[in-house]
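Chemist: What TrEMBL shows for this protein is this:
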DOMAIN    34-179  domain 'EXPERA'
TRANSMEM  6-25  transmembrane segment
TRANSMEM  37-61  transmembrane segment
TRANSMEM  93-115  transmembrane segment
TRANSMEM  127-146  transmembrane segment
TRANSMEM  158-178  transmembrane segment
């Protein structure tokens, strides 16, 4: 458990350092703080999709999660104590993780580039990423809920509330926050365009 926690913290530190290097400065401190949060999350998100979930795909298709001695396999073995499907390369989980790692990891990096360059299309892609992440969480857990959560360890406090609820909940709560941000930006810009059009018609 400690090694897994250290690895996650290391990814967060990398994400924070990347934000101090690549994030453009802003005069508005409130915007700057939130954009830094978004940058850190997207970097962390990309690293999780590419490294952690990418390793799950590798172990599922090429190696064996339960028998492997590699550090990343140990991390999945730890998480498998909360959700045993991750130990035996469950086909539903694998079906979710393959596109998540292959498409959402690079998409998060692409959005980071758009954020750095303050590109107008960023919020469109940010909404797509968020919808995919929320849907991925739904597909991961809905089959379990419908079948009585037989693969989930709901008896142990840490496995239930930390591993299953907290860590997976991040990929629902934060995407919802980012979707709200993107919605507000898109609506605000649409209102500005509408006002400019109305003035031209007067």
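Along the chain as shown, the residues are counted starting at 1.
Cβ atoms are placed via backbone N, Cα and C, with glycine included.
Quick caveat, the model's predicted, so the values are computed rather than measured.
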Chemist: Just give the helix, strand and coil counts over the domain 'EXPERA' (34-179), going by DSSP.
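Modeler: When I sort the residues of the domain 'EXPERA' (34-179) into the three classes, I find 114 helix, 2 strand, 30 coil.
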Chemist: Take the transmembrane segment (37-61) and find every residue of the same chain, 6 or more past its ends, with a Cβ under 8 Å from one of its Cβ atoms.
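Modeler: Apart from its flanks, the transmembrane segment (37-61) reaches 11-12, 14-16, 18-19, 22-23, 68, 72-73, 75-76, 86, 89, 93-94, 97-98, 100-101, 104-106, 108-109, 111-112, 115, 129, 133, 174, 178, 181.
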Chemist: Looking only at the domain 'EXPERA' (34-179), what is the mean pLDDT?
Modeler: 94
